Amino acid sequence: MPQSKSPSAETPDLSVGFAGLRLKNPVMPASGTFGYGEEYSPYMDLNRLGAIVTKGLSLRPKAGNPTPRIAETKGGMLNAIGLQNVGMDVFAEQKLPFLKEVQTPVIVNFFGNSLEEYGMAAQRLSQIDGIAAVELNISCPNVKQGGIVFGTDPGAAAEVVGLVRRHLNVPLIVKLTPNVTDITVIARAVEEAGADAISCINTLTGLAVDIRRRTPRLANGTGGLSGPVLRPLAVRMVYQVVQAVSLPVIGVGGIMTAEDALEFLIAGAQAVQVGTANFVDPAAMITIIDGLQQFCQEEGVSHITDLIGSLHC
Amino acid sequence: MKNFNTTILSNQEVSPDYYRMKILAPGISDSAQPGQFVMFRSQATNEPLLRRPFGIFQTGTLASDCEGMPAKEFVEILYKVVGRGTAIMQELHEGDRVELLGPLGHGFDLSADGSEVILVGGGIGLVPLYMLASELVKTNKVRLLIGGRSRKDVLMVTEFERLGVETYVSTDDGTLGEEGPVTQVLQRKLTKFPGAAVYACGPMPMLEAVHRICQPRKVKLQVSLEAFMACGVGACLGCVVKGAGHSEENPRYLCTCKEGPVFDAEDLDWELLEKRMNEEGHSHE
């Protein structure tokens with residue numbers, strides 16, 4: 001790896017490229033933690049982000065789950081929001097015009113409840129201008145196939161990726177769930193089916209118990225675990241996926257600081273997504289970007305890409 | 001709205017388990033509206049992970065310690081020690097570093113101008129009513145009904161009286177003021193002042209009872225709700241409540257952090273709120 005230890009006087013280049021996208025830096029929000037961007041615009045310059053990833057969209061608006069929807073646990077949080085979103089039409093009409101004004105690529109996360117719905121959603125997205133890439137969430141229950149989750153079955157994962165790929169004319173990022181025995185099996189399946197990149201990982205299913213009431217603390221029972229408690233697991237999975245496929249990988253899971261983000265990059269991620277940290281501090285991503293810059297300067301790294309995949313094992 | 005890394009100016013116990021904390025917050029005094037809140041987190045520890053919402057008790061300015069230095073604009077919160085987060089807060093001192101985000105949310109509508117006003121506060125719920133009272137006394141006759149479980153849960157009576165607010169106290173155990181729920185006082189007052197506007201903040205059962213009293217009398221009621229929230233800015237969708245007209249086919253969820261925490265009572269689905277009240281336990285570990 002080309003790396004000198006003398007501090008560089010020049011400003012390090014944080015830009016990264018993957019799946020045909022050129023990002024000014026590798027930092028973007030994780031879907032569902034940043035609304036549709038506008039919510040956080042009073043707290044940061046959205047132009048500074050590498051990309052903006054929207055709240056997961058379905059073809060039609062979705063109500064979400066009953067409350068309580070979130071619970072804090074040690075080092076993390078559980079959520080069962082239930083993918084509440086405004087739907088693709090409202091997004092295109094009311095949310096996207098604001099995002100188009102921002103000089104940052106917009107990545108739209110989306111999902112469906114059946115293969116057919118995934119196809120229709122992809123079709124609808126292909127008609128919307130101003131989307132740089134899409135991120136396919138395959139961690140939702142497949143209602144029509146008896147509750148199997150697309151993301152945990154390599155055949156079903158490949159099928160849905162192949163279907164949406166045919167409808168889309170922008171890069172397709174597939175977000176993988178960690179709720180599997182071997183994530184590389186799913187990663188290979190989506191690569192063969194035509195994915196352009198992989199986001200790794202989504203939340204891990206967890207359960208928090210109210211010990212006085214002897215009930216789950218979320219109305220939904222279980223929820224998705226996120227936050228710093230997840231990070232070592234996510235870094236391990238990113239490392240495994242990077243070895244298993246030739247697709248670029250976006251690392252996600254418990255990134256709170258620039259040091260956390262660097263773990264993912266060094267393990268081989270081309271970019272990172274920041275989730276729960278946005279809730280803890282609305283300016284967290286800006287602090288992380290500044291921290292990456294400072295680290296590169298201190299280490300004499302002129303291009304952050306020199307760090308990517310530099311892990312010695 | 002500002003996002004501060006700032007310091008505590010003071011943190012004092014005012015009643016067993018109840019504390020007042022002043023936090024340095026330049027630029028917040030002029031912008032904060034009664035009913036708005038801040039998200040707070042100590043920098044001393046990463047536990048708890050998420051910031052916690054606290055209603056703004058008041059804002060103000062302290063003279064600087066040193067001549068020639070600018071005055072210190074502060075925001076003040078009043079909290080009860082109930083869980084891990086607030087247990088950490090009670091140990092904090094002047095000069096400790098904290099993270100503060102605010103002012104957030106939708107505050108009280110002050111258009112009751114010139115009319116009778118009744119404020120109903122239950123326990124720690126009277127926090128946002130103090131800033132509200134400070135504004136309303138300028139143009140209205142303001143009465144405050146304070147309810148608490150016991151004597152120690154009745155706070156700040158003297159502070160309200162200093163504003164010129166007429167206060168009425170009731171406690172469940174009768175250790176201070178009238179024995180019984182605050183809502184029985186409300187019923188009497190509304191009979192005497194039927195045209196009054198009511199503002200309420202407190203536990204859900206109290207708010208629900210206040211709503212049941214106000215609705216048939218066509219009394220204009222605004223309530224300030226509490227909810228566990230992760231972000232405070234409308235992004236996480238964790239703190240939603242069901243609005244009036246909500247149905248499975250046409251869901252109408254309102255974010256407590258963004259559309260609230262103050263709502264017109266008629267804008268909420270009270271049947272579903274009552275259900276939520278029964279279902280929800282503590283969302284914190």
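Cβ atoms are placed via backbone N, Cα and C, with glycine included.
Values in this document were obtained by computation on a predicted structure and should not be read as measured data.
TrEMBL annotations:
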type    : residues                               : note
BINDING : B:Gly85, B:Thr86                       : FAD binding site
BINDING : B:Cys231, B:Cys236, B:Cys239, B:Cys257 : [2Fe-2S] cluster binding site
DOMAIN  : B:1-110                                : domain 'FAD-binding FR-type'
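Shown here: features listed in TrEMBL, placed on the structure.
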residue	record	CB count, 10 Å
B:Gly85	FAD binding site	22
B:Thr86	FAD binding site	18
B:Cys231	[2Fe-2S] cluster binding site	29
B:Cys236	[2Fe-2S] cluster binding site	28
B:Cys239	[2Fe-2S] cluster binding site	29
B:Cys257	[2Fe-2S] cluster binding site	27
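For the pair B:Thr86 (FAD binding site) and B:Cys239 ([2Fe-2S] cluster binding site), the Cα-Cα distance reads 20 Å. Under the three-state DSSP scheme, B:Cys239 ([2Fe-2S] cluster binding site) falls in the coil class. B:Cys257 ([2Fe-2S] cluster binding site) carries neither a helix nor a strand DSSP state and counts as coil. Under 8 angstroms separates no C-beta among the binding-site residues B:Gly85, B:Thr86, B:Cys257 from a C-beta of chain A. Averaged across the domain 'FAD-binding FR-type' (B:1-110), pLDDT for the predicted model comes to 91. The DSSP breakdown of the domain 'FAD-binding FR-type' (B:1-110) into helical (H, G, I), extended (E, B) and coil residues amounts to 6 helix, 54 strand, 50 coil. Note: the Cα of B:Gly85 (FAD binding site) and the Cα of B:Cys231 ([2Fe-2S] cluster binding site) are spaced 16 Å from each other.
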